[in-house]
Amino acid sequence: MLSSDHSDLEKSSALPQFTSLSTTRCNSPAPEPGFLSAEPNLVDGHVSTREVDDDTDVDKHPLLKLPTWRKSVITFVASWMTFASTFSSAALFPAVPEIAADFGTSEEIINVTNAAVFLAMGTSTLIWGPLASIIGRRTAYIISGFMLFVSSIGMAVAPNLATFVAMRLLAAFEGTYFMVAGQTIIADLFIPTKRGTAVGFFMSGSVMGPALGPCLGGIITSYASWRILFWTQTAMVGIGFILSVFFVPSVKTPSSEVGESTKRPSMLTMENLAKFNPINTFKMLRYPNILLTDIACGFLAYPQYSLLIGPEYVINPRFHLNGSAVSGVFYFAPAVGFLTGSLIGGKFADITVKKWIKKRGMRLPQDRLNSGIYAFFIVVPVAYMIYGWVLEKEVGGLAVPVISIAFTGFGIMAAFNSLNTYCAEAIPAHRTEIMSTKYFIQYVFGATANATFLPLEKKIGIGLVSTIGAVLTILSGCIVILVAKRGLVMQRWVEKSRTKN
């Protein structure tokens with residue numbers, strides 16, 4: 001059984017024995033305000049086993065009271081913005097030859113800039129997260145949307161490579177914040193037993209952007225200028241920006257309203273400067289369960305982005321296909337896999353959470369990690385290695401890599417769903433910081449995949465490249481098992497150390 005922290009706590013001499021859905025007295029010190037204590041939840045010297053956090057408290061999470069129709073609209077807007085922001089990051093994969101020819105450079109240079117874009121996407125969370133804590137999530141969301149709109153226009157009209165790269169980096173600098181903010185919005189809107197399904201719908205935007213982008217990009221660049229790609233993104237971002245102004249909610253909690261009016265302006269200024277320090281974001285990595293989960297996301301990102309680069313440079317030569325439109329069509333397969341994996345994975349994660357609540361009488365955030373085990377150890381490694389080795393050995397027809405790439409995409413997103421939702425639940429008071437570190441590490445691995453896939457494929461072949469991706473996925477699964485079993489103990493160990501200090 002993967003989740004063993006509950007039994008470990010019952011055996012611990014530092015905690016009393018407790019029963020399901022009960023509250024018992026404990027002499028343990030309360031944790032530092034703002035940090036979630038490991039389950040059982042320590043608040044004012046009490047042990048509460050009803051919930052691992054207060055995510056069902058409508059007084060502390062007023063967005064839970066919103067009607068279902070409005071939650072659905074907000075989820076759609078958040079998902080749409082991730083779709084629009086990630087669209088161009090992968091849409092130019094099949095258009096690289098045309099862009100390189102237009103700017104008089106090589107395809108390798110364009111692919112290197114893709115890696116730089118992923119690094120910008122990762123580091124941007126270190127700025128937007130702290131900034132949002134000062135000016136508010138809604139304000140940061142709207143500003144980011146406007147800047148993405150402007151940079152999309154800049155990419156469409158760029159007269160030279162330098163301007164094009166600068167605008168791409170600026171667009172990447174905004175894009176990731178929609179994923180971070182979107183995850184925190186979903187966590188504020190839905191109770192834990194419905195959150196996985198909601199995250200699945202939200203993630204459909206972020207996964208369909210990179211998957212459908214190359215497909216549409218291939219078709220567009222076959223019949224029109226590659227610049228139409230970025231005019232398309234401009235229109236998409238514009239629609240999302242308008243919807244954001246009307247529907248993205250602001251967040252007001254009792255803790256954020258108490259005492260603010262009694263503080264002097266100088267005190268507020270110093271507090272804001274302290275909040276803006278990006279280094280504060282990395283403080284979440286002192287929690288081993290958070291660090292390990294981020295690394296697991298990074299390992300999983302490598303096969304994800306390697307998968308998206310493959311069709312143009314691997315499938316086309318193998319089957320002697322020509323044209324951006326043809327290679328773009330192959331992105332339908334991972335797109336279908338990503339979408340179904342996100343939706344089904346989210347639903348299965350919620351079912352897993354409900355199963356553990358019924359079995360144990362309480363919920364731990366890491367319970368939902370159990371839902372992705374089959375994806376980590378069976379679906380992704382098997383499907384990805386079939387994809388790589390049938391292309392390497394030139395056996396089987398076209399259907400084999402197409403089907404295997406779809407199953408790989410399905411498994412990747414089914415695994416990602418549980419990881420993403422866990423990151424938003426582990427320490428609710430610091431969701432933004434945790435999601436920021438996750439995307440930072442995830443996009444560092446994404447940048448590595450973009451920069452190394454083609455050189456590795458040419459040197460060792462697509463078979464061994466897919467094997468590397470499969471091994472990384474299995475390592476990610478091992479990490480997930482560790483966090484599912486011991487994540488609670490890891491988090492509690494850090495909080496005890498901080499209390500003593």
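Glycine is no exception: its Cβ is also placed from the backbone N, Cα and C atoms.
The annotation compositional bias 'Basic and acidic residues' is assigned in TrEMBL to 1-11.
The region 'Disordered' annotation in TrEMBL covers 1-40.
Here TrEMBL flags 14-27 as compositional bias 'Polar residues'.
Per TrEMBL, transmembrane segment is recorded for 73-97 (among others).
Per TrEMBL, domain 'Major facilitator superfamily (MFS) profile' is recorded for 74-488.
As annotated by TrEMBL, transmembrane segment applies to 109-128 (among others).
Sequence annotations record features per position, and here TrEMBL assigns transmembrane segment to 140-158 (among others).
Taken from TrEMBL, the feature transmembrane segment covers 170-191 (among others).
The transmembrane segment annotation in TrEMBL covers 198-222 (among others).
The annotation transmembrane segment is assigned in TrEMBL to 228-248 (among others). Nonlocal intrachain contacts for the transmembrane segment (228-248), taken as residues 6+ away from its ends with a CB within less than 8 angstroms of a stretch CB, comprise 70, 73-74, 77-78, 80-81, 83-85, 87-88, 91-92, 95, 138, 141-142, 145-146, 148-149, 152-153, 155-156, 185, 216-217, 220-221.
Distant neighbours of the transmembrane segment (290-309): 90, 93, 118, 210-211, 214, 284, 331, 334, 380, 384, 405, 408-409, 412, 415-416, 419-420, 422-423, 426-427, 434, 437-438, 440-446, 448-450, 453-454, 465-466, 468-470, 472-473, 475-477, 479-480, 482-483, 487, 490; these residues of the same chain sit at least 6 beyond its ends, with a Cβ under 8 Å from one of its Cβ atoms. Feature annotation from TrEMBL assigns transmembrane segment to 290-309 (among others).
The transmembrane segment annotation in TrEMBL covers 329-349 (among others). Beyond the ends of the transmembrane segment (329-349), by six or more residues, the same chain brings 196-201, 203-204, 207-208, 210-215, 218-219, 307-308, 311, 315, 368, 371-372, 375, 402-403, 405-418, 421 to within a C-beta distance below 8 angstroms of the stretch.
What TrEMBL records for 369-390 (among others) is transmembrane segment.
Residues annotated as transmembrane segment in TrEMBL: 396-419 (among others). Within the chain carrying the transmembrane segment (396-419), a Cβ under 8 angstroms from the stretch's Cβ atoms is held by residues 196, 199-200, 203, 207, 211, 293, 296-297, 300, 303-304, 307, 310, 315, 318-319, 330, 333-342, 344-346, 348-349, 352, 368-372, 375-376, 378-380, 383-384, 386-387, 390, 438, 473, 476-477, 480, all 6 or more beyond its ends.
Tertiary neighbourhood of the transmembrane segment (439-456): same-chain residues 108, 111-112, 114-119, 121-123, 125-126, 176, 179-180, 281, 294-295, 297-299, 301-306, 309-310, 313, 464-465, 468, selected by CB-CB distance under 8 Å and a gap of 6+ residues from either end. Residues or ranges marked as transmembrane segment in TrEMBL: 439-456 (among others).
Here TrEMBL flags 462-484 (among others) as transmembrane segment. Note on the transmembrane segment (462-484): residues 2-3, 289, 292-293, 295-297, 299-300, 302-303, 306-307, 310, 314, 366-367, 369-370, 372-373, 376-377, 380-382, 384-385, 387-389, 391-393, 412, 415, 418-419, 422, 453, 456, 490 of its chain, located 6 or more positions outside it, place their CB under 8 angstroms from a CB of the stretch.
Contacts between the transmembrane segment (170-191) and the transmembrane segment (73-97): present, as 3 or more C-beta pairs lie under 8 angstroms, all at sequence separation of six or more. Highest Cβ contact count with the transmembrane segment (73-97) among the listed stretches 109-128, 140-158, 198-222, 369-390 falls to 198-222 (criterion: pairs under 8 Å). For the transmembrane segment (109-128), the list of distant contacts is 89, 92, 96, 99-100, 140, 144, 161, 165, 168-169, 172-177, 180-181, 278, 281, 305, 435-437, 439-444, 446-448, 450-451, 454: same-chain residues at least six beyond its ends, Cβ to Cβ under 8 Å. Mean pLDDT for the domain 'Major facilitator superfamily (MFS) profile' (74-488) in the predicted structure: 83.
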